[in-house]
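The feature NAD(+) binding site is assigned by Swiss-Prot to 45, 46, 122, 123, 149, 151, 186, with sequence analysis given as support. Residues or ranges marked as active site, proton acceptor by Swiss-Prot on the basis of sequence analysis: 45.
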């Protein structure tokens, strides 16, 4: 089996990576940085996001698994002291593939420039270049829904619903549901201007089109990458036809992860 290990880059993560690679020697495992069948992320969720984007061109052929060396590893289900056991499991090759939904993003421009296409594992946000009020028309399935005024909009996946979306008051959605969630960022609501004021959960056959009314230079953040787009006509968000594949060697229940990340203080019975 072809593999690659992506490290956070700190001493602890690099040490674990080197130890894992040493154990892979003289086995059927072949290190391949271009076309790996399994990618091991050693670090935090940010490291796994980087690994995901690095290999986003071959999602149907690559599975991901994470060892977390930081404080919070929502995607990484293995602890540093379990890395030897993980290597043995990988060498045995007996694992289940779990698939999570992704966001497909298309940025359309007013000039002759071709649309740019992106994919997100956690979320995508849309704001103005200078952090002024974003004024944008929101359409759902081709029908106008509202005119939004506020700091911006966040579109998240079910697995990403536990990240920035949660801080914005959005719902937590189980990754088995193929959906995206649209959540407002500090919307303006008064007697003159009105938005729905609640997160919207859109199924896979719906799409969301956001059209800036005044601002044409838009800042988008797609997972960990922020990009400036000039002369933006609209941005379309929908559930991607592609999915991320996780290699599961043992149960890793979503709601237990939520509990352990946000509720547990380590003293639960």
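Here the Cβ of each residue, glycine as well, is placed from N, Cα and C on the backbone.
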Conformational class of residue 46 (NAD(+) binding site) under the three-state DSSP mapping:
helix
Which of 45, 123, 151 has the fewest nearby Cβ atoms, counting only those within 10 Å, among these binding-site residues?
151
Which residue, out of the binding-site residues 46, 122, 149, 186, shows the minimum number of other Cβ atoms inside 10 Å of its Cβ in this structure?
186
Secondary structure of residue 122 (NAD(+) binding site) (DSSP, helix/strand/coil):
coil
